[in-house]
Amino acid sequence: MSFPTTSSLASATFPNTAQPWHTQPSSQALELLQSDPEQGLPESQITQRQQYYGANELKETGGRSPLQILWEQFTNIMLVMLIAVAVVSAVLDLKNGTFPKDAIAIFLIVILNGILGYLQESRAEKALAALKNLSSPKVRVIRNGKTEEISAKDLVPGDIMLLEAGVSIAADGRLLEAQNLQVKESALTGEAEGVNKQAEVILNEDAPLGDRINLVFQGTEVIQGRAKVLVCKTGMDTEIGHIAAMLQSVESEPTPLQQRMSQLGNVLVSSSLILVAIVVIGGVLRTGWGLFEQLLEVSLSMAVAVVPEGLPAVVTVTLAIGTQRMVRRNALIRKLPAVETLGSVTTICSDKTGTLTQNKMVVQQVQTGCQSFQVTGEGYAPIGEFIPDEERYKTEYQDVQLLLRACVLCNDALLQEKQGSWEIIGDPTEGALLSLAGKAGIYQEALTPSLPRVGEIPFSSERKRMSVVVEGVMLPEQEPPYTMFTKGSPELILERCTHVINGDRPQPLTSEERENILFQNDQMAMQGLRVLGFACRAIEEIPSLESEEIAEQQLIWLGLVGMLDAPRKEVKGAVLRCREAGIRAIMITGDHQLTAQAIAYDLGIAQPGDQILTGRELERFNQSELEEKVEQVSVYARVSPEHKLRIVRALQNRGKFVAMTGDGVNDAPALKQADIGIAMGITGTDVSKEASDMILLDDNFATIVAATEEGRVVYSNIRRFIKYILGSNIGEVLVIAASPLLGLGGVPLSPLQILWMNLVTDGLPALALAMEPAEPNVMKRPPFSPRESIFARGLGLYMVRIGIIFAILTIGLMVWAYNHAQASGDPQRWKTMVFTTLCLAQMGHALAVRSDNRLTIQLNPMSNPYVLGAITLTTLLQLLLIYFAPLRNFFGTHWLSFTELAICFGFSALMFVWIEIEKIIVNAFFVSQKTSSKL
Ligand code: ATP
């Protein structure tokens, strides 16, 4: 094997990857790409190739272009209406011979709003792209003679990539070895059926893509089997790169709330148009055409006032902040709607292994036909004792020796020492078995070369077992050349056994022995141990996949291995928090019912006496019977992925809002069906991640609960600023409508001033309110229905009530200010006093609305410093509008005296006082209700 020796990129020769790889034998492909199937590429080559071929990434062709994002800002119905208002106002001004200041200002604001919206949205898109990187898949490769896991984007042509079931293939490649490999290529060819792949064949150059069974392609998924692949093409050179199809791994669809908000926008715009029509037509009918222009002026102001121009931007920003808060707590949101709906979860269905438990397995007990012993040790280090009779177990007893060899041979994991610590690549269950055998001095490197694997029937959650076939004689008096080892769920393996190794040779298995094994299995499971059963058999021919049922029969029982997988420490507290928050935690596991029960008791998911349902029992129920059961049962054991689907459906039919975890390929349908599908970031297959709404970066149940809490915070903050913004809009409309009715002559607020309020003096505090931290009771109340209206639970009423109070206060001030101003030298001043009072009252509202039931003095002002900051900034800006001459001229405001300003402050403060009094009354009412219900 020769590698380019020159160090500089320019002089190095790099293999040409544009070859018809399917026409070449694998050896030739290896030669062309200067790689080695056992060693992979050396370090020096990797960096050079990465620079030469570039990162293994598809350049995004999907998504929106910047121009598109900008254009969409101006197609927003609210902005369209503002443009219409600007045009009408310009026509009126030009007709009267005045400079169309309002119109120009509105245009400027429309453009500014468009640019702000553009900046916000493109930042949100960038944030999503960053999240996408976080969820970028990992690939197992051989480099420098070692197996390691790397990020898919670091793959280069010449890399040796290892594939297994559930993996999404990260580059195009030529198969070097394949065992029962079946790949779903629908992303590329549209073919829904799995394609069986073979390494040995050589094809004609014109073989269509779908028939190139010696190649694998990026973006397709391994359904079953394993393979070793030579990476031939990466990035945009791959087939999927050529057709520029893009697999979006983070979707940015509008959330239900955003959809409802745009519907609300439509409703408000149409109602404001109706309002304009009523005011103009009603006015013309009453007073004739004489006052038409004045009427038009009033109605234009009302139209602008009704529409909450700043709201859509605040909603988008809040959702983006929500995803960031969640990712800080290890929950990666893949579909934006999950941010707001997570808070509504009523039921969390969780796997056991790895999510509720640590997934750090250590074998503690072993039981063969005749021997039973304990094993000590921690972690995966192959260091520990066999108790009570160390030496004899480790070297002498034949049945123990055979079982330990089965642990190593019937295993797909790798145990490696890295910088003094022992790590595994692969399934922790299998890692624990390698560590067990290592404690007796039996290692993969020494054993596997003399007993090469020639066949296998892979593990799946449905089968709950796996078999491998090795070439070699392992049993006494064995004639057939191959030995098959099977491991898996003990009950299932035992059903297939006819013999047991007693001492050093197989003997027929008596029913007494059978019962004894099951008894021992139960004993181990009751201690919360995860138990695997082992068996073997001599065979003449390598079985095909189809013959699995026949091959895995007449087995010889080898023994039981019980491993400890301790519950995660933080989960017990998380389950308790769930209970307080009205959320039910349910365990759905493939493991034994007694193991599940022991862990469920420990974590508080079930209490002694609670029913536990197994997959077999579940199969006997029809869907309506199951729906009744799911109300009571919180632990499901020995289930298959299809049972998960049934359980989710049953819960949903009972009106539950279900979050469900999953990691395997076959969990995808259940994840899609669940209201929130949750995939495991560490152990999850790419397929399950693709199907999920959220990924747990640490695989931890407690993270789901944390994300639910964040979801609740996001939703309550959204409600908070909606009531803040819309309450003010209602107030503004009423004040504008009142002034002509009271005969004050003229509109108190120009469209420009209203826009200023809606976008700046309302917008900034609203953004600050979106940063509000969790209220202390956020996880002490039941979840709210995701289907409830955003105005439910008194929000609509609050808005109207506060809008009216707002209006009464301001109208009170308006009447006084009008009379006061007529007597002063500047009769138009009252308008500025109304404008200022409306703005300042909203500052008080922002302070008070931070909590629904706690008084502002009970809140720590620094728990959300943004609110104080926004209020100070906005008040200063408002003062600038009054006291800074150029702004005063631009916004058409008037200078106010100190007393006038103080009066505005005084009236505004009443708004704050009112809301605080409301809280006192409501709290007192609840206290008296609680006491009377206790009596
Ligand atoms: P959970 O569903 O909570 O993650 P689980 O890991 O037990 O629990 P599965 O992965 O579906 O669920 O496994 C089901 C059963 O299959 C296990 O209880 C075990 O008996 C058996 N099993 C698990 N891993 C292997 C393996 N690598 N080889 C053989 N059998 C296995």
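Positions of Cβ are set from backbone N, Cα and C atoms, glycine also.
Taken from TrEMBL as is:
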| type | residues | note |
| --- | --- | --- |
| REGION | 1-27 | region 'Disordered' |
| DOMAIN | 20-94 | domain 'Cation-transporting P-type ATPase N-terminal' |
| TRANSMEM | 74-91 | transmembrane segment |
| TRANSMEM | 103-119 | transmembrane segment |
| TRANSMEM | 267-292 | transmembrane segment |
| TRANSMEM | 298-321 | transmembrane segment |
| TRANSMEM | 721-742 | transmembrane segment |
| TRANSMEM | 795-818 | transmembrane segment |
| TRANSMEM | 865-884 | transmembrane segment |
| TRANSMEM | 896-915 | transmembrane segment |
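The stretch in 267-292, 298-321, 721-742, 795-818 that contributes the largest number of Cβ pairs under 8 Å to the transmembrane segment (103-119) is 298-321.
For the domain 'Cation-transporting P-type ATPase N-terminal' (20-94), the DSSP counts in helix, strand and coil order read 48 helix, 1 strand, 26 coil. Stretch with the largest number of CB pairs closer than 8 A to the transmembrane segment (896-915), among 298-321, 795-818, 865-884: 795-818.
In the predicted model, the domain 'Cation-transporting P-type ATPase N-terminal' (20-94) shows an average pLDDT of 81.
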